[in-house]
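Features as listed in Swiss-Prot:
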{"type": "SIGNAL", "residues": "1-21", "note": "signal peptide"}
{"type": "DOMAIN", "residues": "25-349", "note": "domain 'Asparaginase/glutaminase'"}
{"type": "ACT_SITE", "residues": "35", "note": "active site, O-isoaspartyl threonine intermediate"}
{"type": "BINDING", "residues": "81, 112, 113", "note": "substrate binding site"}
{"type": "DISULFID", "residues": "100-128", "note": "disulfide bond"}
């Protein structure tokens, strides 16, 4: 289905001069599907199917990108990001590592549902200092007010800017640049859904330029110990959600299924009820790594506060939310099962 003219009109008037292709940076776009490649039957209805449009179609819809970079597209998968999995994560990381020397930057088109998890996984596993920028959309390409075309254009602006190098993996959405470790989706429907609630944005995109205000302080990319080149799978780590009167059966199901790590999405400062605490203590004694996080959207999960992590052998997630704590724990388990070493990973990365 053709993209609506209104969706593309948002790019008019950007005023980017046409440059000689030989003088432009080379940017590789790795496409995975998502709403940015979504298609619906109506331009005024939010019903659509994700991942329908090819990377070639997305590139053709935003010809202005060719004024700022030489664009090459590669279709990795065509899925909604609710179906994102370890296999695709590994494929993306390996593709970026393999092509790092032959391109000046990468853009990854991705669904917004799990974008923050993919971004953080790549932040920990990509061994390349060149820009890696994830981008998506909250409205499908066929909707009248589609945000995807301008988001994609801006992502290329970010990837083509040398100032983006060395900042870790980035997310470019709605004129903002956000760091992979801190960014999270905050609204199910709003265009301005991505925020970094603990630390704020890294910078902003305006009139085809990036204005950076800060860089991430945590270690990333080339400064992590995680090498995925020989991996074809990741350790099994599950998340258990805490709430009033929460039963232990879901936790038992994961442990009985052989999960090597458990992340607790606790209440408040990562707290769980007495039954959960008892079961998690037993799991830790059986060499299952337990990480305490919180379902609360901002703040720290503090080590040795209400829960004596040192006594139980638990790991505290700091400012990582449960879904990102799971990502780091999966990678940590490829290196060690020592909770003291893993605690240091959570403080460093």
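Using the three backbone atoms N, Cα and C, a Cβ is placed for every residue, glycine included.
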Apart from 81, 112, 113, which residues in this chain have a Cβ no more than 8 Å from the mean position of the Cβ atoms of those residues at the substrate site? 34, 35, 80, 82, 84, 110, 111, 114, 115, 136, 185
Tell me the Cβ contacts of residue 100 (disulfide bond) under 8 Å, same chain only and six or more apart in sequence, or just say none. 127, 128, 130
Listed substrate-binding residues 81, 112, 113 - what's their greatest C-alpha to C-alpha distance in Å? 7
A correct count of other C-beta atoms within 10 Å of the C-beta of residue 112 (substrate binding site) gives 24
Let me spell it out: for each of the recorded positions (35, 81, 128), count the other Cβ atoms within 10 Å of that residue's Cβ, using every protein chain shown. Which one has the most? 35
Provide, as an integer number of angstrom, the distance between the C-alpha atoms of residue 113 (substrate binding site) and residue 35 (active site, O-isoaspartyl threonine intermediate). 9
Cα-to-Cα gap, residue 112 (substrate binding site) vs the residue listed as 'active site, O-isoaspartyl threonine intermediate', nearest whole Å: 7
In whole Å, note down how far the CA of residue 81 (substrate binding site) lies from the CA of residue 35 (active site, O-isoaspartyl threonine intermediate). 9
